[in-house]
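Peer 1: What Swiss-Prot records for this protein is below:
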type	residues	note
REPEAT	5-44	repeat 'WD 1'
REPEAT	51-90	repeat 'WD 2'
REPEAT	94-132	repeat 'WD 3'
REPEAT	135-174	repeat 'WD 4'
REPEAT	179-218	repeat 'WD 5'
REPEAT	223-261	repeat 'WD 6'
REPEAT	264-304	repeat 'WD 7'
COMPBIAS	299-318	compositional bias 'Acidic residues'
REGION	299-348	region 'Disordered'
Amino acid sequence: MPDIKLKNQPFDVAFHPKEPVVFSSLLTGQVCAWSYDDATGETSSSWSVRPSKRTARALSIEENGDEIWMGGKSGSLFQLSTRDGSMTRERDSAHECPINRVYCVNRNLVATGDDDGVIKLWDPRQADSIRTYSQHFDYISDFTYFDDKRQLVATSGDGHLSVIDIRSNKSTPLTVSEDQEDELLSIVPIKGGQKAIVGSGLGILSVWNRQMGWADSVDRIPGHPASIDAIVALTPDIIATGSEDGMIRVIQVLPHKFLGVVATHEEFPVERIRLDRNNKWLGSVSHDECLKLTDVEDLFEDSDEDDEMEEDEPDSDEEKSKKKKKDNGMKDMSRGQAENDGSFFADL
């Protein structure tokens, strides 16, 4: 699998929404861009800039792909051109403490969250934030957005998630969940946005049903031996998780099933994972000074074929045997890719 060797530790990864370009932010305050081949994943450096001398922690790209936003340890917020890295705007001291997460909600709204739990909303056309929220008392770890209800959901190290109605002019959230008694580190929508999955510091995946509200989760999926720092949806029913133990696992949700390991950063914790515009390349960054691109296209093909096979149940023992061998395909592949760490199932 293609790896991009870096000179310093990366903290975030992002893909261009329209072109084969991947970005990463580094410990040194740099933001780097590479073009890659859609088929092979082979990369070539496009540009590298250093907007800040302090750690560049978080990246997010506007939906049109023209600009990428960066926040970090300095508390400042930067807008850069995705074409050449040139700075289009700097908001000095946008937060009073380090920015931990940046999220482009839509073309007219960007959310940022800092180490103290403060959330700010920004209009790209204005210099100052348009609203500030302070319902959390520990760092903001992740954001996701549900467009049907115009709801921005934030997770925090304080054990709560909160929901913000972006249409409201009030600086108070729509709701704050009950204390989950664990750090909430990552979130992603599943099932076409009907539900959400949240990763925690103790290695638990919690399932949240939007129809039942955001007060508490409705189900829990144990099994990860370490914290779940990053999540991405591969299909409406299948997610990939990046964990503190360096492994990227694939999990089916409802019904719950651990499918295997698709990549590993050895013993280094996975900081972030992202999926590219074609759902082929999974980008991941860790403390190993490497941006890894993993081809996950076959997983989608297997999922589609499995769905068809479930609809047409096998009539013979021979057909059942073939299906069983096919289901074991990703498990075998996973063991091969993570042979230095042992199989995924042995770790649980």
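Just so you know, glycine gets a Cβ as well, placed from its N, Cα and C.
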Peer 1: May I ask whether the repeat 'WD 7' (264-304) has at least three C-beta pairs under 8 Å with the repeat 'WD 1' (5-44), counting pairs 6 or more apart in sequence?
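Peer 2: Yes, the repeat 'WD 1' (5-44) and the repeat 'WD 7' (264-304) are in contact.
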Peer 1: Based on DSSP, tally up the residues of the repeat 'WD 4' (135-174) by helix, strand and coil.
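Peer 2: Helix/strand/coil tally for the repeat 'WD 4' (135-174): 0 helix, 18 strand, 22 coil.
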Peer 1: Could you tell me how many residues in the repeat 'WD 3' (94-132) are helical, how many are strand and how many are coil under DSSP?
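Peer 2: Residue counts in helix, strand and coil order: 0 helix, 20 strand, 19 coil.
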Peer 1: What is the three-state DSSP composition of the repeat 'WD 2' (51-90), stated as helix, strand and coil residue counts?
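Peer 2: So the counts come to 0 helix, 21 strand, 19 coil.
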